[in-house]
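Novice: Sharing a structure with you now.
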Amino acid sequence: MAAGSGKRRRRKLQLSKLFTLTFAKACFKPDHSRIGRSGFSRVVICNQPDSPEANYCDNYVRTTKYTLTTFFPKSLFEQFRRVANFYFLVVGVLSFTPLAPYTAVSAIVPLTFVILATMVKEGVEDWRRKQQDIEVNSRKVKVHQGNGNFDLREWKTLRVGDVLKVEKNDFFPADLVLLSSSYEDAVCYVETMNLDGETNLKLKQGLEDTLPLREELNFRDFEAFIKCEDPNANLYSFVGTMELKGAKYPLSPQQLLLRGSKLRNTDYIYGVVIFTGPDTKVVQNSTGPPSKRSMIERKMDKIIYLMFFVVVSLAFFGSVLFGISTREDFQNGIMKRWYLKPDDSAIFFDPKRAPMAAVCHFLSALMLNSYFIPISLYVSIEIVKVLQSFFINQDIHMYYEEADKPAHARTSNLNEELGQVGTILSDKTGTLTCNSMEFIKCSIAGTAYGRGVTEVEMAIGRRNGSSLVNQSNESSTEDVVAAEPTVKGFNFRDERIMNGNWVTETHANVIQKFFQLLAVCHTVIPEVDEDTGKISYEAESPDEAAFVIAARELGFEFFVRTQTTISVRELYPVTGERVERLYKVLNVLEFSSSRKRMSVIVRDEDGKLLLLCKGADSVMFERISEKGRMYEEETRDHVNEYADAGLRTLILAYRELDEKEFELFTERISEAKNSVSADREALIDEVTEKIEKDLVLLGATAVEDKLQNGVPECIDKLAQAGIKIWVLTGDKMETAINIGFACSLLRRDMKQIIINLETPEIQQLEKSGEKDVIAEASKENVLRQITNGKAQLKASGGNSEAFALIIDGKSLAYALEDDMKDIFLELAISCASVICCRSSPKQKALVTRLVKTGSGQTTLAIGDGANDVGMLQEADIGVGISGVEGMQAVMSSDIAIAQFRYLERLLLVHGHWCYRRISKMICYFFYKNITFGFTLFLYEAYTSFSATPAYNDWYLSLYSVLFSSLPVICLGIFDQDVSARFCLKFPVLYQEGVQNLLFSWRRILSWMFHGFCSAIIIFFLCTTSLESQAFNHEGKTAGRDILGGTMYSCVVWVVSLQMVLTISYFTVIQHLVVWGSVVMWYLFLMVYGSLPTRFSADAYMVFLEALAPAPSYWITTLFVVLSTMLPYFVFSAIQMRFFPMSQGAIQLLKYEDQCNDPGELEMVRQTSVRPALVGFTARIEAIKRSVRRSRQPQS
């Protein structure tokens, strides 16, 4: 076994020799002089984690909101920061005094129930987070236990100084310094998608002096000291030194392996732990889980303050009048209110102490008027939100069958926020894309090949007919193929060059060179399956793999790579047979974001020296020679068409070199790469510039960065709903722009405002190395670019549809500073699309905070990796994609979904419903309590403010619990203004939430006013009809028990019928609870009134002996209820018919069976206050405008 292992290892390539520009001998830099000073004081004793110096935090990572010790106090604080709960706590304390108009139990028990129910819900939700933490912290990795033995240990037990063995496709459990790997030169591939969103693999390399540590036994006597920087959030920098065998060696980011990244294409690595748990860079980039509260909940607190003001005002007003009346009760021996016995009364009615009586009345009135504030509001909302979350979790339309993952609302506090999102901030990799590239089209010698259709083209075609899909090969739509690829990474269909048919094409020689270049110009490593003989490719990026796969499928199979050669099986045009060709690799000029191209220099079997180059059109066309531009015009047209279709394009070109030129280049590139000066990269670029010129154009490739299914359609619907979408990615600018085109966030007619620091003056300053000067100049440069962008917008007349803002990470760092962030936000909000590239996790969180606080809109962040955690926690709503790469984002999110496309249903359906339900529910809650509470106040005024309740104590206690709570809970759970189908058909409905139409102060106050009016009508009609006439056949007039019972019956009927008018969608359950509440009231009257008087008090036999037999009770109830409901009914009918909101208009269309009438549909869509600025709908409209302009006669 060991021998086999050794044999496999000997076959490994020394990858560093493929990247001749990447690796140079490590050297000390100025920052290394700071080791040992403040900020650079960490000391790690390798292989000795038990040493006293290693007193650092453990590796346990926590995402929970509470701990066992903080749950009770912190949860209580969460509950009592709700002003209503705090108010009822004060009322509960006062209820133990003689001032209380009701018993203490009736005040304390409901409050206790509300608080405990909410705490239990919070505890259950946090326990689920705890379970996910346990799963991550219990993962295992091999740790050196001494004597060269490595055993599995849980992640949470790791300590600084531990030596680990991490194997292929495993995540790094902590921040490590790379010592060695399965490759001889200690390099390894690392996937950092969870950190920066990039799918291309990063190459890391250990120090030359730790290369021998390649076997487990080598660590038996391993000793080393590492001194490095203290824990910080910077993912892209690391400064340290390693002392080994008496010598010191510099450490750089090249040796740093970060927690959350994954080992790829490398059998194993050995590394030493330097940062654990909270000290790791990925955790340093995250923030603690915040206590999020929805906008409606925060506004509800303000309503409670308003109601508290009303309660205090009414109590104060009543107390003043009561004090005046009490003072005048006993004057000159005359007793006005003789029944109160003012000459022999307690302090509450003592005319001699009227001011004190007024104060006592004020406190009593505060408690009596507490029924204005619904105590069951919070617990009812909690119940409703939990059940709403259950429906979200159970929605089969958001279930991803392929991965067996349903939607999961991890917290129910933010359901209604889903219906108010104004801005979505999205990660790119793994969120919009599914991390796979497909070769779909190409242009060779001015001829376009490939009949495949991209997702963007299909989406446009579905919306506007195939005439809008500009097929580059001019084939009819019947020829268009949109089949699923049979080979991963290859979705190319064109019989003209497939199956060897390219040899019959006019430019067969150019086609041959084109695919030879794809098969040779790369850094891909082939791996042969010894059992099946099939070849798979391991590439730094999915683009590279797609190119090599395409070349193989079209007859140019790359199958062997050695240190200096590449072998390709090619179709020989003359004989039609496959032959093996050997290319000697002399140099690799690697791709970089500044170069935007990659080249290889090879010698073929005929001895020719060839430079093969592929790169972005922005840098390649200028390098084409005059003689090599034969197909330039056609190629440019094709590249533009591919970009419109959302494809990523590269230009392919080559040239032959002579021997002298190559020798000179070899000498100069060797000098440049061995330079240790600060301008090393500039020297290398200068050398490559001189050889990558005078190229001959071959053509262009078009690769589809495969979006997740349904992303363009989802973005289009969200844009129609008035939601702006920002993309925040750690990826390169070119990649982000391509994705922007692919998902229709960008289009060709948009003017791009690009802000970056890749300007000549900044690059020249960077060579000087003076950081302060560079920072000042960079800041001025960014400010100037932002100012110029605003000027462009102003010059266009504010037409935001025509502009997209694209900014890189360096520039973003300055744009987010306090003195610049406001103008940056102003520019960004004015643009239709915003893309932030090369963004660090911290920057993502800061941008999210800026949008949230600066725009005042509800923000939703969506991502799938650990680099998105800060952004998810900072946003009003964090949505985690439960993809294949880790669970960090899901663990820190509020809601988890499996695919980006489910965001459409989550927001436009569930968000819209939840917002409407919660808004209507809260407004109705205050309406029913004001209706009830104001009758109490009016009766108290009617009885000269004596603090006497109009109703029996149990009537008071059970109103909100038994007779009016269930219907409003069912309203919050089941109500729908329109069906899910219509929510998706008419995204304009969503703007009700974005504009907060249903929970504006106007709406809230109108419901309150309605409650006051209802109470006034009920009270005065009841008192007038019962006051001065015989109530029954015995000729008795109505007393407090009769009046109270009649008014209470009217209140129950009115609030129940108001619920009937409020509900848009009736279910059997709603019928049961609405009418059941009325029935429950009468059953309660009969049962409770039948109890002995010591229990029923003044309610004894009231219904059976007084109310039920009296026709005047039923007549009064009917008349009062109809009179109270009539104004609202008339108002609603007029509004629905003549001034309908969006949902009202749609309901009318539905009722009149006009939901498929194009004219009517367009009328509804035009009610949108914000037209769609991005998405394929906006793209179609832009094309239509362009066509109309082109048809206009020229003046």
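Note that Cβ sites are derived from N, Cα and C of the backbone, with glycine treated the same way.
On a predicted model such as this, the values are computed, not experimentally measured, just so you know.
Checked TrEMBL, it gives:
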{"type": "ACT_SITE", "residues": "D427", "note": "active site, 4-aspartylphosphate intermediate"}
{"type": "BINDING", "residues": "D427, K428, T429, E544, F591, K614, R648, T729, G730, D731, R838, K844, N867, D868", "note": "ATP binding site"}
{"type": "BINDING", "residues": "D427, T429, D864, D868", "note": "Mg(2+) binding site"}
{"type": "DOMAIN", "residues": "45-107", "note": "domain 'P-type ATPase N-terminal'"}
{"type": "DOMAIN", "residues": "890-1140", "note": "domain 'P-type ATPase C-terminal'"}
{"type": "TRANSMEM", "residues": "303-324", "note": "transmembrane segment"}
{"type": "TRANSMEM", "residues": "925-942", "note": "transmembrane segment"}
{"type": "TRANSMEM", "residues": "954-974", "note": "transmembrane segment"}
{"type": "TRANSMEM", "residues": "1004-1026", "note": "transmembrane segment"}
{"type": "TRANSMEM", "residues": "1046-1065", "note": "transmembrane segment"}
{"type": "TRANSMEM", "residues": "1072-1091", "note": "transmembrane segment"}
{"type": "TRANSMEM", "residues": "1111-1131", "note": "transmembrane segment"}
Novice: Taking only the Cα atoms, work out how far D864 (Mg(2+) binding site) lies from the residue listed as 'active site, 4-aspartylphosphate intermediate', in Å, as a whole number.
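Specialist: The Cα atom of D864 (Mg(2+) binding site) is 8 Å away from the Cα atom of the residue listed as 'active site, 4-aspartylphosphate intermediate'.
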Novice: Cβ atoms within 10 Å, counted per site: which of D864, D868 has the most, among these binding-site residues?
Specialist: D868
Novice: Going along the chain, which residues at least six beyond the ends of the transmembrane segment (1004-1026) come within the CB cut-off of under 8 Å?
Specialist: 303, 923-924, 926-935, 938-939, 942, 1037-1038, 1042-1043, 1046-1047, 1050-1051, 1054, 1058, 1112, 1116, 1119-1120, 1123-1124, 1127-1128
Novice: Mind pulling out the one from 925-942, 1046-1065, 1072-1091 with the most Cβ pairs under 8 angstroms to the transmembrane segment (303-324)?
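Specialist: Of the candidates 925-942, 1046-1065, 1072-1091, 925-942 scores highest.
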Novice: I need to check the long-range neighbours of the transmembrane segment (925-942): which residues 6 or more away from its ends have a CB within less than 8 Å of a CB in the stretch?
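Specialist: For the transmembrane segment (925-942), the list is 303, 307, 314, 318, 321, 365, 368-369, 371-374, 377, 380, 948-951, 959-960, 964, 968, 1004, 1007-1008, 1010-1012, 1014-1016, 1018-1020, 1023, 1043-1044, 1047, 1051, 1054-1055, 1058.
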Novice: What Cα-Cα separation, expressed in whole Å, is found between R648 (ATP binding site) and D427 (active site, 4-aspartylphosphate intermediate)?
Specialist: 19
Novice: Cα of the residue listed as 'active site, 4-aspartylphosphate intermediate' to Cα of F591 (ATP binding site): how many Å, rounded?
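Specialist: F591 (ATP binding site) has its Cα 24 Å from the Cα of the residue listed as 'active site, 4-aspartylphosphate intermediate'.
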Novice: Of the residues in the domain 'P-type ATPase N-terminal' (45-107), how many are helix, strand and coil by DSSP?
Specialist: 26 helix, 2 strand, 35 coil
Novice: D868 (Mg(2+) binding site) to F591 (ATP binding site): how many Å between their Cα atoms?
Specialist: 27
Novice: Is it possible to get the count of other C-beta atoms within 10 angstroms of the C-beta of R648 (ATP binding site)?
Specialist: 22
Novice: Would you identify which of the binding-site residues T429, R838 has the most other C-beta atoms lying within 10 angstroms of its C-beta?
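Specialist: That would be T429, with the most Cβ atoms nearby.
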